[in-house]
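**Student:** What follows is a single structure, and I will ask about it in a moment.
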Amino acid sequence: MKKIFSVFFAFVLLFGMIFSPGVIFAKNSGTDQYLLQFDGNVEKGLLKAFGVKDSDILHTFNLLPVVSLNLTEQQARGLANHPKIKGLEVNATVQALGQTVPWGVPRVQSPEANNLGFTGKGIKVAILDTGIDRNHEDLSANVKGGFSVFTDTANSDPYYDGSGHGTHVAGTVAAVDNQLGVIGVAKNAELYAVKVLNNSGSGSYEGIAKGIEWSIQNGMDIINMSLGGSSSSSILEQFCNLAYQEGILVVAAAGNSGTRPGRGDNVGYPAKYSSVIAVAATDQSDKRGTFSSTGPAVEISAPGVGILSTTPNNNYASYNGTSMASPHVAAVAALVWEAKPNLTNVELRQLLNQTAKNLGSATQYGHGLVQASAAIQY
Ligand SMILES: [Ca+2]
Ligand SMILES: [Ca+2]
């Protein structure tokens, strides 16, 4: 049995939104604050006629004939229908718009790549995981297809993610730039939900092989596998090799089996195979997450500590893990491939490695922190 590299749940953030000022009448027995616009000049006499006291007139604007005031529901209804009143609105609560840029997005130079004109457009990224909630407000525009390796009712829908893991990984790659929630590293990349892990986050090497096969047959450009196990499988390795030979860039989480001092060889499979890029996790200080696996197979690093992304049912949460680092690399690869479409997958891999920012120990960080614009401009 294979297990998702564990996810340490941190906290859920709720995002504020602007209230639509379409509701005219507040529903309670006392008064509520309104914004009232006159058709012409402000006439306080009219307000008096409706029984509005001076003390309930809170502010009179200078540039438009608008007053803010307290009204009962009855006063509001009466004024709203008066010919000298142009409009009446509840003074709604306003909060800052909700799109947060997760720290990993600028750390891998996504905004610079965007400024150069590259957003991952046209690049197909298969997320081999627990599925993707394609109804998510911050993903639906980018989820273009999917497939489940399971046949049981609970797991046969690739767009049902009972775990949240796959939806989180997908958001790091390509959450939409829409003033909601978060933004992905490659905000216009195409996401494909390939469900190879069930709603508990478990799967088999057979299932992963099926997901790779589907990805080859359906023309995927990049495969992200934020999953792994500790035992090797010759068959799984052959499927990874096949995808790589077919021109797909194959990216996987290095594993969360690291030791605190960062010694030892504990990268998992499939990341350990030579055809697969093993991604280590770093924190906001560009230091290795203490869980991040180490060893000669570590190839490159990316943010994986305190990563805010999408979770099912329009939620957002912050997770830790090399599972969160791998999609940063997959997404940077999408940005660079859009910019340099003539590169083979082998050349792209080499370019990402050669332009990564050196962070020190190769067995902990590989070539270092993946950098989108450095690779694009190389
Ligand atoms: Ca968004
Ligand atoms: Ca490898």
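Glycine residues also receive a Cβ, built from the backbone N, Cα and C atoms like all the rest.
Model, not experiment: these values are computed from the prediction.
TrEMBL lists 120-368 with the feature domain 'Peptidase S8/S53'. The active site, charge relay system feature in TrEMBL is assigned to D129, H165, S323.
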**Student:** Ranked by the number of other Cβ atoms within 10 Å of their own Cβ, which of the active-site residues H165, S323 ranks first?
**Tutor:** S323
**Student:** Whole-number Å distance between the CA of D129 (active site, charge relay system) and the CA of H165 (active site, charge relay system)?
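**Tutor:** Between the Cα atoms of D129 (active site, charge relay system) and H165 (active site, charge relay system), the distance comes to 7 Å.
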**Student:** When DSSP states are folded down to helix, strand and coil, where does S323 (active site, charge relay system) land?
**Tutor:** helix
**Student:** Given S323 (active site, charge relay system) and H165 (active site, charge relay system), what distance in Å do their CA atoms have, once rounded to a whole number?
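**Tutor:** About 9 Å separate the Cα atoms of these two residues.
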**Student:** Quick one: of the active-site residues D129, H165, S323, flag those whose CB is under 6 Å from ligand 2, and say none if nothing qualifies.
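**Tutor:** Checking each Cβ against ligand 2, none of them comes under 6 Å.
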**Student:** Which secondary structure state does DSSP assign to D129 (active site, charge relay system), in the simple three-class scheme?
**Tutor:** strand
